[in-house]
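> Sharing the feature lines straight out of TrEMBL:
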type	residues	note
ACT_SITE	Glu79	active site, proton acceptor
BINDING	Glu38, Glu86, Glu96, Tyr97, His98, Lys105, Asp106	ATP binding site
BINDING	Glu38, Glu86	divalent metal cation binding site
BINDING	Glu79	substrate binding site
TRANSMEM	43-59	transmembrane segment
TRANSMEM	65-85	transmembrane segment
TRANSMEM	106-128	transmembrane segment
Amino acid sequence: MDLKETSKEKMGKVGKNPNFFASVRHALDGIGIILKEEKNMRSHALLGLIPLLLAWIFESSTTEWIVIIFCIFLVIIMEFLNTIFENVVDLVTDYEYHPLAKKAKDIAAGAVLVTVLFTIVIAAIIFLPEFVELYYKLI
């Protein structure tokens, strides 16, 4: 099917979800797919446990917990968006190289990287004073 073509017959196969539970099922399918197929998503999810563990160990404030959880989810959401962009580009180009396809994929990956770096800076602001204090207690 040409991407510019639409037909009720083809659209009927994709159609709207009949109810809320079908929507949730499809959303959960999407989460399962990205966890199964995307190594970076699994890495982000596992690495996201580290600041949660540190927040628990250092007895972080409620505000710090909120910021930490926000940053973790921001990285995960950006990885979802990156995966969406990659899949759409692959669909449109039929997996053939095109400089604009590379550009789009690189920019999407760059957005994830910037988000991860932002999260690392936030984590350093929250946890570095805790590590410094712990260091001085130990010496």
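Cβ coordinates are placed from backbone N, Cα and C, and glycine is handled just like the others.
Caution: TrEMBL annotation is automatic and unverified by curators.
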> Which bits of the chain, at least 6 residues beyond where the transmembrane segment (106-128) starts or stops, bring a Cβ under 8 A of a Cβ in it?
40, 44, 51, 54-55, 58, 60, 64, 67-68, 71-72, 74-75, 78-79, 81-82, 85-86
> Give me the count of other Cβ atoms within 10 A of the Cβ belonging to Lys105 (ATP binding site).
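Result for Lys105 (ATP binding site): 16 other Cβ atoms within 10 Å.
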> Suppose we draw a 10 Å sphere around the Cβ of Glu38 (ATP binding site). How many other Cβ atoms does it contain, all chains included?
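Cβ-Cβ neighbours of Glu38 (ATP binding site) within 10 Å number 17.
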> Kindly assign Glu96 (ATP binding site) to one of the three DSSP-derived states: helix, strand or coil.
coil
> What does the structure give for the C-alpha distance between Glu96 (ATP binding site) and the residue listed as 'active site, proton acceptor'? Integer Å is fine.
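The residue listed as 'active site, proton acceptor' has its Cα 23 Å from the Cα of Glu96 (ATP binding site).
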> Which residues, given as numbers and ranges, are at least 6 beyond the ends of the transmembrane segment (65-85) yet have a Cβ under 8 Å from it?
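Contacts with the transmembrane segment (65-85): 34, 38, 40-41, 44-45, 48, 51-52, 55, 104-105, 108-109, 111-112, 115-116, 118-119, 122-123, 126.
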> Within 10 Å of Glu79 (active site, proton acceptor) by C-alpha distance: pick out those among the binding-site residues Glu38, His98, Lys105, and say none if nothing qualifies.
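Those close enough are Glu38.
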